[in-house]
Amino acid sequence: MSRLQFQLQTRDGRARRGRLTFPRGTVETPAFMPVGTYGSVKGILPDQVRALGAEIILGNTFHLYLRPGLDIIADHGGLHGFCRWDGPILTDSGGFQVFSLAHRRKITEQGVTFASPTDGARVFLGPEESMKIQKVLDSDVVMIFDECTPYPATEDVARRSMELSLRWAQRSRNAHDELGNDAALFGIVQGGVHTDLRSRSADALQAIGFDGYAIGGLAVGEPEDERNAMLDHLDPELPADRPRYLMGVGRPEDLVEGVARGVDMFDCVMPTRNARNGHYFTSFGTVRIRNSQYARDMDPIEPGCGCVACTGGYTRSYLRHLDRCNEMLAPMLGTLHNLFYYEKLMADIRAAIEAGTFLAFRESFYAARGAVAPPL
């Protein structure tokens, strides 16, 4: 039996308010998961990540397998001890990273052979290997090994990719069970932007049986309206009593639209990566701190924000100076602000669903940006 329990508490339209319960902690949903690719959310301490409101983080199976390697992580008793995060961790399977290698990989029925981006060595990764790696990592949510369908892709290419992912899903399920791993195992719905393929994938995954269902292949360059159309299509096709996870999608607008279409979990490097590039998220849009207009701006990133960067009195002028001088403090403060913004956005979304006012919240979210909400 999986160590995950999921409770769907209430709905407001298609928006869902729930709770994930693990032995290592509880996660209120909808939830945003900060990404710790190498076992660290870049630039800040685990205690700071927790203080910002995050209850679960994501680790990268592919990169951790290559560096530092499983033996070293096993010496620490698993990924939690290694990175000093005592809450739940979700690990991806490595499929998306293999997809991103493009010309340096070869896909067969057995799995993927690729040149390591760290030293060029030949590496093989398949469903069984991915499940073994994630067992050593001792993550709380394990993702099946799949092939991320590219965009654009013809229906034939998307079909063959989806069917391969389904065969790998069954092998992942078998390997996970044979290892005696009680971590939750999530299936991943593929099929590109073809509704019939998405339906077939969702049905086949439910026949195999998983603890949750992720929606993959919707962070690969497809237009927003096509992504939303796929979420609209899948909402009634996925089981209501299992969590839904939209992989790698992470603009604030994407989170709001995903929640409006029944998604419970999100992850993205955007808040941390953008912070390192001087892009700070606010309720009225993005502050691009490198712009000259902020050279003598005495306001914090967002007046009224409760993050340490804003309450600490650090001005946009100062942050621009730090960024231009490549000072480490700039991305640290930016990351603290961006993740605070993301976690507060999710908390506000949860409160709106509980109050039955999510649609009004959605309208005000866009109005603050001078925009109009897309049709539902």
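Cβ coordinates come from backbone N, Cα and C, glycine included.
The structure displayed is predicted, hence computed values, not measured ones.
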Joining Cys305, Cys307, Cys310 at the Zn(2+) site recorded in Swiss-Prot, out of His233, His279, His337, is His337
Per Swiss-Prot, member of Gln48, Gln170, Gln190 binding substrate alongside Asp92, Ser93, Gly94, Gly95, Phe96, Asp146, Gly217: Gln190
Swiss-Prot record, region 'RNA binding', of the ranges 12-16, 197-201, 272-276 the matching one is 272-276
Residues Asp92, Ser93, Gly94, Gly95, Phe96, Asp146, Gln190, Gly217 [recorded substrate binders]: greatest CA to CA distance in Å: 15
Its residues classified by DSSP, the region 'RNA binding' (272-276) shows 5 helix, 0 strand, 0 coil
Which is it, of Gly95, Gly217: the one of these binding-site residues whose Cβ has the most other Cβ atoms within 10 Å? Gly217
For Cys310 (Zn(2+) binding site), identify the closest of the recorded positions Ser93, Gly94, Asp267, judging by Cα separation. Asp267
Mind checking how the region 'RNA binding' (248-254) divides into helix, strand and coil residues in DSSP? 3 helix, 0 strand, 4 coil
